[in-house]
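As given in TrEMBL:
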{"type": "COMPBIAS", "residues": "1-12", "note": "compositional bias 'Basic and acidic residues'"}
{"type": "DOMAIN", "residues": "394-554", "note": "domain 'SSD'"}
{"type": "REGION", "residues": "1-52", "note": "region 'Disordered'"}
{"type": "TRANSMEM", "residues": "95-113", "note": "transmembrane segment"}
{"type": "TRANSMEM", "residues": "398-418", "note": "transmembrane segment"}
{"type": "TRANSMEM", "residues": "424-448", "note": "transmembrane segment"}
{"type": "TRANSMEM", "residues": "460-480", "note": "transmembrane segment"}
{"type": "TRANSMEM", "residues": "500-522", "note": "transmembrane segment"}
{"type": "TRANSMEM", "residues": "529-554", "note": "transmembrane segment"}
{"type": "TRANSMEM", "residues": "597-619", "note": "transmembrane segment"}
{"type": "TRANSMEM", "residues": "823-856", "note": "transmembrane segment"}
{"type": "TRANSMEM", "residues": "862-887", "note": "transmembrane segment"}
{"type": "TRANSMEM", "residues": "908-932", "note": "transmembrane segment"}
{"type": "TRANSMEM", "residues": "944-967", "note": "transmembrane segment"}
Amino acid sequence: MQCKDTSEKHFQPVDLKMNGNGHYNGHRAESEENLNKPVPENGTTPHPAATDTEFAEPNVDRLNCMGRLSYHVSTAIGKFFYRLGYWIANNAWKTIGLCWLLVALCSVGFVRFHKEKSPMKLWIPLGSKFQHDTNWLIEHFQEGNRVETVMITAPDVLVPEVLQMIASITEQVEGFTFHNSEGKTLGWTDVCHKVPLIAEYTSDLSRKKRHAEELQDQSVTTRRPKKSKPLFTPVIDVPSFLFCPMVERLAMGCYGSNLLELWKYNRTTIAGLSKEDIVDKLNGTRISPMTGHTVEFAELLGDVKRDWRGRIVSATSLVTHWFVHVNFSEVDADVSGNAAGTEDWVTENAVLWEEKFLKIIAKAKSQLSNNETSIYYAAGRSYGDISEESMFKDMDKLVYGGIVMFIYMQLVLSKFSWTEFRIILGSVGLMSVGMGFISGCGIVALIGVSYGPVHTSLPFLLMGLGVDDMFVMMACYRKVRKANPDLPLAERMGLMLQHAGASITVTSLTDIVAFIVGSITVIPSLQSFCIYAAAGVFMMFFFVITFFVAIFTLDEIRIANRRNSFLLWVVHDEKSTALWCEYNLMHRFINMLYSKFLLTAVGKTFVILAVVLMTTANVHNLLKLRQKFDPNWFIPEETYYNQFVVKTHEHYPNAGYEALLLFGNLNYTAELPNLIRITHQLENRTDILHSVSSWVTAFQDFVHMHYDKDIAVDTLSDDDFRKYLTKFLFSYEGGRYQMNIKFATKIKCGQPAPNITVTTMDFKFKPFKEREDYLPAKYAVEDILERSNISTGDHFRTLWAKIFGNWVTDEIIDTEIYRNVSLALIGVMFCSVVLIVNLQICFWIFICVLLTLVNVGGLMQVWGLTLDLVSCIALQLAVGLCVDYAAHIGHTFLTINKGDKNRRSLETVLHIGAAVFYGGGSTILSLSILSGSQAYTYRTFFKIFLLVIAFGLFHGTILLPVILSLIGPAPYSGSLNSLNTINNNPSPTKKACRDGTEMISFIGAEKYTPTNAEL
């Protein structure tokens, strides 16, 4: 077969004015007649050149049942898109107006737009036990606190100079004021967590010796050794009518953990201390002289050194804690939360106080003059602030990515002449993406779905998908224009959309289905993202096949009139339009690569072996892919908070995760033995827990000491229990446990305790690093609760910890990923079968997508990535992204009906391959800007998307053509014209410019077609 003349017939100038019907007046001499011509009934052009290509009419009678079905589906889709393109070309301005009207209507949904900031509604699985328990805790406990910490490190912190530094910092922290949104002036005492100050009743006791050693593990049925009774216990020895009025007059003070409590924050006393004074006071005090409560001051020290007597003599770090009160009923995440959804429960006043706290400590750190002393600090808001900043500070790089994408589009879509730079088309192409994003968000917001922090990557995703569709359209248009240069513009636009519409419909619909399937996840942020993405992809697809086609039509008229791409009022003559000319490099390269190597016997063998070896290696790596997430990955290394975390792990390696057992409205008199048993079982699990603090065992010791009853084996009456509990909670031993017990009404000194509604037991998990360690530890404690035989009241008991917000996601994320990806694959393949209607092609598309995901997972392990929430979102997107490449190739292969399988495979990549490569290349190019980001989210997205695009292109554009050249199905038409096999000596035909040379075109205006001799 001889190639036809590849020279292009140039357009004559036309008038850009419109007639009264909204149509264009003229496009060459016959354009008005052609533009107003009715759409052909069969949906295809009546021009004879249309049947002179490889898309020839088939002999339907020769097809089998599936063949006839696929033919009719393909024909119906083609007719629809032909009519759509034809109508849009004749009504371009009307289409543009209707599209903008649709955007405006969709934007009405923004009246219900809500940006979710609550971490519970973003990152915690829907219906999870942690979500239920947290809501229960907030409802019943109603208050909590946030910790603000300053750590000082030095060769020895137990020296006067360090204590004077702490005194200065404490004075500044507790002395500043701030203004809230209501204009009120507030200070530390307005936001701190308060406790009763009982030091005047316990100060003498602090000088007495502790009366008992730590107990060995023992059965709860054994009587607990009785502790020696103190010489004087006010709550026991003083009559209630005298003691209680004094208690009720007790002042409330701010709760904290500060070594300076030993000297009651007296700056004069502290200034006169010696090293020996500090050591003696530290080792001889167990009750805070400031608050009167029992305090283990040694826990504030790190890297402790002791002398031969076991006394602390030095330490290299010292922490100071301030506790800010949080009333859960006043928490409003929309006011105090952050855009990343990483802020804890906090009130506005607490956030404002912490903001100034951080500034004061940062200033103190900058003023340090001693090089051996360092200050590290963290506030309750630190993690939220820095994770938010790291997540959004690289947003400018997405803007740069858009600029790079625009330049890339110009290189791909344009021909380098004054008239054929596609400035308008490229700009409007990106505008179509923006219109799709805005419209999709408006629709989803209208139905009440909240917008989340990960949604910021959605415009970037839509840009990659939309640009890919535009490249496919341009490739099809230039093919149509080459084959049918004399057709009216409206018919050419119809043919372009007929050829491109089915392909981009397959890819867009599969993307939409992948996202819809992803929306059934239990992770709220991923669910919301998938819903927004599905709506965004659909609306972008709609605007690409309407708005973009309308602008495309107008741009073609501009080119036909030889109007300047930048200055529309400048009209060029034919000779001055070309800037320079070159070979059609991309198509020459593709033809050479495939005809000389990939589609030869040697090339096919090489490709298949490479796929087998690569997949085998990555299956091995995939089996080693771990599930792990560390919240500190969101924190850049250079930040003050990361430095604090690192130093905390260094100086306090045993500091674990705080947790608590929650108990509801039980009959506590009857359940005391069970609660004691639970406490001892926790204390015995030293392999996973430490620092168990239970009010029950302290109450047991109190009753045993003062009333000679062991409640583990002696049954108390309800009256005795209530009387003893009141005495206990107003004693110096039990006062600190008041925050662990909530009553139906306020407890009063001297009166029996009211009904208990909530109690807690505090402890710490050891500092586990791996999921294989902390999840079994969590399950072990939950098992203790399940076996506790609690059978009274509401039976409620549960285990809760703040860290469970991460652990609960870790429990299900791997299952969630595999389930969602599997369902997305099934959904995508179902759509492919419905639209492509060829089981063999759909099967090979499925194989390409599956191989891509396997190889991506394998190299994720090599690259040090893990399965977590971020990679879950990226892999969900990967299914929709990587199916596009194979779907374009598979669908195009079915539309080409001339030649054997080798010829059809070559024709396929020559027809659509460049557009597919450019689509993948555009995404990689814009992604490359994120490669240097400090944000964990963007770094992970870059790595995973790079792998997805690389393997997706390899399997879709290299492996799939090789497979189809060997065992590909018949085309939609069912007929094949026999041609020779591929020859390895192609001689490219050149496309003539106006001056007789060649013009560069990345997506060639004329697809290079090899001659029979070359084939």
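Sequential numbering from 1, following the chain as shown.
Cβ coordinates come from backbone N, Cα and C, glycine included.
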* To do: Determine which residues of the chain contact the transmembrane segment (424-448) at the Cβ level, with the cut-off under 8 Å and only residues 6 or more beyond its ends counted.
  => 99, 102-103, 106-110, 112-114, 402, 405-406, 409-410, 413-414, 458-459, 462-463, 466-467, 470, 531-532, 535-544, 547-548, 551-552, 554-555, 558, 565
* **Region pair the transmembrane segment (398-418) / the transmembrane segment (460-480), three or more CB pairs under 8 Å** => yes
* Structure fact -> If you count CB pairs under 8 A between the transmembrane segment (597-619) and each of 95-113, 500-522, 529-554, 823-856, 862-887, the winner is 823-856
* By a Cβ-Cβ criterion of under 8 Å, what residues six or more beyond either terminus of the transmembrane segment (944-967) are in contact with it? -> 594, 598-599, 603-604, 607-608, 611, 840, 844-845, 848-849, 851-852, 855-856, 859-860, 863, 865, 871, 874-875, 877-878, 881-882, 884-890, 893, 901-902, 904-906, 908-909, 913, 916-917, 920, 923-924, 927
* Near the transmembrane segment (862-887), which residues from the same chain, at least 6 beyond its ends, have a CB less than 8 A from one of its CBs? -> 123, 454, 461, 464-465, 468, 503, 506-507, 510-512, 514-515, 518, 523, 525-526, 529-530, 533, 537, 621, 625-629, 809-810, 813-814, 816-817, 820-821, 824-825, 828, 832, 836, 844-845, 848-849, 852-853, 856, 916, 919-920, 923, 936-937, 940-941, 943-945, 947-949, 951-953, 955-957, 960
* Structure fact -> On the domain 'SSD' (394-554), the mean of the pLDDT values is 86
